[in-house]
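Listed in TrEMBL:
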TRANSMEM  A:6-23  transmembrane segment
TRANSMEM  A:30-50  transmembrane segment
TRANSMEM  A:77-98  transmembrane segment
TRANSMEM  A:110-128  transmembrane segment
DOMAIN    A:130-417  domain 'NADH:quinone oxidoreductase/Mrp antiporter transmembrane'
TRANSMEM  A:134-153  transmembrane segment
TRANSMEM  A:165-187  transmembrane segment
TRANSMEM  A:207-232  transmembrane segment
TRANSMEM  A:239-260  transmembrane segment
TRANSMEM  A:275-293  transmembrane segment
TRANSMEM  A:300-321  transmembrane segment
TRANSMEM  A:327-348  transmembrane segment
TRANSMEM  A:451-473  transmembrane segment
Amino acid sequence: MTWLVPLPVVVPLIAAGLALAMSRRPRVQGAISVAALSIVLAVAIGLIFVTHTQGPQVVNVGGWSAPVGIALVGDRLSALMLLVSAIVLLCVLLYSLAQGIADGNEGAPVAIYHPTYLVLSAGVANAFLSGDLFNLYVGFEILLAASFVLLTLGGTGERIRAGSIYVIVSLLSSVLFLISIAMIYAATGTLNLAQLSERLLEIDPGVRLVLQVMLLMGFAIKAAVFPLSAWLPDSYPTAPAPVTAVFAGLLTKVGVYAIIRMQTLLFTDGALDTVLMWAALLTMLVGIIGAVAQDDIKRLLSFTLVSHIGYMIFGISLANQTGLSSAIFYVAHHITVQTALFLVAGLIERRGGTTSLEKLGSLGKFAPALAILFFVPAMNLAGIPPMSGFLGKVGLLQAGLELGSPLALATVAGGLLTSLLTLYAVVKAWNKAFWQDAPEKLPGDSTPRSMFGPAAVLAALGVLFAVVGGPLYHYTDAAARDLQAQTPYVDAVLVHGDRGEGDSDAAGGDDG
Amino acid sequence: MIDMTPNVTLAIVVGVLVGTGVYLLLERSLSRVIIGVTLISNGVNVLMLIAGGAAGGPPLIGSGPNEEMADPLPQAMVLTAIVINLGLTAFVLAMAYRSWQLHGHDEVQDDLEDRRIARRAERGAVDRRADDVGTNLAIEAAEARDETEEVPLVTGHGPQLGAEDHEVKGERS
């Protein structure tokens, strides 16, 4: 079943080309995008079953065997990430299509929207599947270039302002990533992740630490880990609602995924675990304090996004199986919930005419459906039992107590406090937007029912994660076990000891 | 095997390129920033070449002894990095041009929050509560003092205001 692995990258890229060719026919474009992302979703479901039952699936691109050519690897972790991202991408696409129909395509007027969106999805999939460090870089660049275009869509003054900060920060993080790739190649002579996990153990610990710090810096900027998170709350809220939603849900999580991969496969000696845990604690607290101070619902949500990245980093920094498993669970939960909240914020903006909490009001009376739609994911984000946010947080706190070091206990306390403050922040938004009397008359209702659908699906999915919490934790436990053991991944890539399947006759000088 | 000792001259070149690049990256003008990013990227490309070792024979089987072949992988990676950098440079240049169309300059503007805080500090009203009635981020940011706004708007390039710019104007009046 290895033929499934490249499809999530190939299908959206081909569809992007087709959509670009059809740029004069928006309806055809929409159909192409929906079809492509549905295929990706089906493939992701298939991959989950295959990787869960048969172990990691490896494709050596072009038939060149692993350390020589580029490998695409789908294991339990990447299959789960692919599945969640495919669902989110499809829902957001349907939302933006509904918005386009409602506004006579003024919401997304540009022919470039669909192709760029598909390229973004290909980049995300490539980053999740890559078994090679340089290919991971290429995946990052694909999704970044697409995100630049989406963020500055329409080129209004406000978006250019926010976009220039985002673009420069992203370029800097890419450069850092590229420098670390060059240094890792100089130190080890390979960029294949499986081979790196063997060779990095052999080099000097000091050099290894430098490489780890460099890589971590690059990924931490992308994942918005404090103190490298200041760019996020300023740039995300200005984009169109669907774009913000998909960025908030997916792009930072690609950074988190890269950190998980790197901490479990490449640098396993735990040299930076303490630093990561401090970063996690500070990310949680600084992020949520920022959220409490905001009076704009989109900015508030951006700050909670930063804050909750801290939970995932905490799980990674614990470096035990429970911690990793809960971190993976939390990533899946948070992608859906955060995206749902941003979609709902888009709906609030349409219904209330603004996202400023000072100006909103009375929405509970005029739009009760919207109120429920906001309430469910908001409570889920804050971690109210019995929803999935609660399960994720409980797992992380348990893992922290298992480790039991003073810093881990402090971070557990910080996590509880963050959860409480998240509740405060979202309840404040809930009260001000839905229950206070509106200071001005609300504009007329222009929100089509079809825009509610995708947001409702995502909100329901966040709740569904709690219903299937047992099996899902079973799955993430297995994924975390695989990650920590390393052997399933490495053995699947390097089938013949130091080579993978495929063609590469060693012609003498053999150093990969 | 080819010589794998790093070349000092190239290392210095990398240092100079990245150093000047970082200096330019810290500037406000987008066109300087993009020159800085390009310099850094070129520095990193040279770094990648150092990682591949000294120059050797062409990496084609049969064209010479295998031991003297150059490592082709860093060159392939440098090529990819150059192409990516080309695309991103084009994008940032377009963005700088758009910024110049809209505002008459291509400088990176202040963060909304920074401007709000700067304005409050000016008023000496730092201790006022954040959720006081009447604080609107967009309006305050538009009114705030900002050194990038000193430049008068260049007319004749059609300063097309975006939808949001109209919004802010409307709210102010």
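From the backbone N, Cα and C atoms, a Cβ is placed for every residue, glycine too.
Note: TrEMBL annotation is automatic and uncurated.
Note that the structure is predicted; figures quoted are calculated from it, not measured.
Simply put, out of A:30-50, A:207-232, A:275-293, A:300-321, A:327-348, A:327-348 has the most Cβ pairs sitting under 8 Å from the transmembrane segment (A:239-260).
Contact check: the transmembrane segment (A:77-98) against the transmembrane segment (A:451-473) gives at least three Cβ pairs closer than 8 Å, residues 6 or more apart, which meets the contact criterion. Between the transmembrane segment (A:275-293) and the stretches A:207-232, A:300-321, A:327-348, Cβ pairs under 8 Å are most numerous for A:300-321. When each of the listed stretches A:6-23, A:30-50, A:110-128, A:300-321, A:327-348 is scored by C-beta pairs under 8 angstroms to the transmembrane segment (A:207-232), A:300-321 comes out highest. Contact between the transmembrane segment (A:110-128) and the transmembrane segment (A:6-23) is present: at least three CB pairs lie under 8 Å, with pairs separated by 6 or more positions in sequence. Sequence-remote contacts of a segment are chain residues at least 6 beyond its ends whose Cβ falls under 8 Å from one of its Cβ atoms, and for the transmembrane segment (A:327-348) they are 77, 80-81, 84-85, 87-88, 91-92, 95, 99, 240-242, 244-246, 248-250, 253, 256-257, 260, 297-298, 301, 304-305, 308, 311-312, 314-316, 355, 360, 363, 370, 373-374, 377-378, 380-381, 388-389, 391-393, 395-396, 433, 447, 451-452, 454-455, 458-459, 461-462, 465, 472-473, 476, 479-480.
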